[in-house]
């Protein structure tokens, strides 16, 4: 695209820069019609992200899964069997074998309910009758483990009959032995029934009080919607709000799973990648974490948590997207979100609003409407009561109409970026037409029809008027996403996750449109916290909000984490200059930010703070007067970060003692040129705590983690989510180290912070409550001693 842009006639570049969305699509159609070489290049790029099914890949993955299973690596086997199932052709007898093999791995991992689901899948897909005794034994074992004794007895009866009918008894000797063992176990359980186990979610937090707003869907009644020229649409507290109070609960209008990073294959690597990415770990429809995925019938990419999710996705959008997988992965998640948005909205609603935008085009160019960084639109629609995006009843809903009203900032994107987006959406629409999917896009086809995926076909035919309308809407949405895309994040475990202390970090899982969440303006010092549950966003107050005060959200650069100049640079992508309280104070005072001071270098000789804005830094201690090159100190910092990474790699391969030695050396080196409050100093303390916890040295682990918490509190504040996460880890360490009274007080503090940010029903709060309940049940004399 860059090459094509450079070769464009200057007059054509100017036309495109000033073009409306409608005219940009027409220009894009003309360019792609004449540039067949560029279309061929796109086809070649698509070959690097194949999404079709390959039976040879399925066989290879299944064999790799078998090898991992024999080695006792059941989690790895599980992932490989899932990859194998996704590559098997529909109706292939090997599909049932993949599910049966995967059920064996699930049994070993203790996932009994999911194991039964996979056995049912295997039977449904025609698992060979001669192998059925093997899975029936597995089914009976699962039912026994789940205390479903009558069901287990019925299965054992069926199995006994099946083996008796088989003439060659010697082939079933092992199974007969297993069968007799299970029967004995069944008899014991019937004589001595075990008490029902308390479910993991048995300890429940207080239910949240929620009264929905009459005029804003998914918002609390404690909010009101306002509009002015400076801030555009925004949310204001209509009453006093306390920390932790739920303010918005909104399902995404549209969300698309980000495939996740997968490194390019090196020379000598196999053609099939065995590493798991987000695309393997989460349902492509509801974003629930996957244990045993249900693969799409048409492609190897889309995977679901259940047949229900697979059917819903197919009906709503995947029947159109299925054969375009390689193209959508190549063009990126923004293009994918744009396509899925118009598919979910339906062509009738898309064409109605596109036609309306042509009639109200002058309003869209209104400079007053550009004062707000997010989500404003013209206030001229009939019945909106002066606030854009509202329906005729004055209610603002999480609807396509509200989403359509988010500003695309057409005139403020760089012409080259606009050119790239235009070519991308036109390429998708041309492929929809070439693959015979236009009827599906225009909702003229039964949602249950399924056609075999087609390869990218080159076409020079012009787009139909309807597809040009679709392309225009898609272009609007791709441009809107720069300012309105919301990353759905999830706390993901680092490492295998089988240790006593689990380290987690937030990972971008999907990109979504949330029309109500987009009403929140930005502040570098926000008063809300956003968390996610599947495809839903939950906004909570993170501090007291007085009646009449605006409700604010941070778009990324928080004042605690970044200097004002860096924040302003990052925020420029939203086409506004931040004037929040934190920025104004830092800009007007002229004083060095707290972030700069805490993350500063210190003098290699006397450890006083180094200062200066130029390339040469000077010691703040006048008696010392040592100077050093900023580049030299930055180089030392980069080397130190590389050494820390090597130490963590040693920990991952089980070399804990070596990891400790390397981290302690890194600490000594850091002390000679970094401020004691530098965030990296805290990170090293955190890593040392992690290594000592791996070795079961709980007291040492706790000592290092407490130092990490001190530094995290200095940077992010005592009630920040970062402090809450560190306290959660400390609670795990103290719990495992049997430091009962200290563990209980740490649990209480962690619970207080994390419930504000994530709510009382979150997984971390549940885990803290379970630890507290376990410790509280210890005999009184032990509690007094500890």
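Backbone N, Cα and C define each Cβ position, glycine as well.
Since we're looking at a predicted model, the values are computed, not measured.
For reference, TrEMBL has these:
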DOMAIN    221-556  domain 'SET'
DOMAIN    283-322  domain 'MYND-type'
COILED    630-657  coiled coil
Quickly jot the same-chain residues contacting the coiled coil (630-657) by Cβ under 8 Å, restricted to those at least six beyond its ends, or write none. 495, 601, 610, 612, 614-617, 663, 665-666, 669-670, 673-674, 680, 683-684, 687, 690-691, 694-695
Per the Cβ under 8 Å criterion, with at least 6 residues separating them from its ends, the domain 'MYND-type' (283-322) contacts 50-54, 57, 78, 82, 85-88, 90, 99, 102-103, 106, 111, 114, 117-118, 121, 255, 257, 328-329, 336, 339-340, 343-344, 432, 437, 440-441, 447-450, 452-453, 488, 490, 509-510, 534-535
Taking DSSP H, G, I as helix and E, B as strand, the domain 'MYND-type' (283-322) contains 16 helix, 5 strand, 19 coil
Rounded mean pLDDT for the residues that make up the coiled coil (630-657): 91
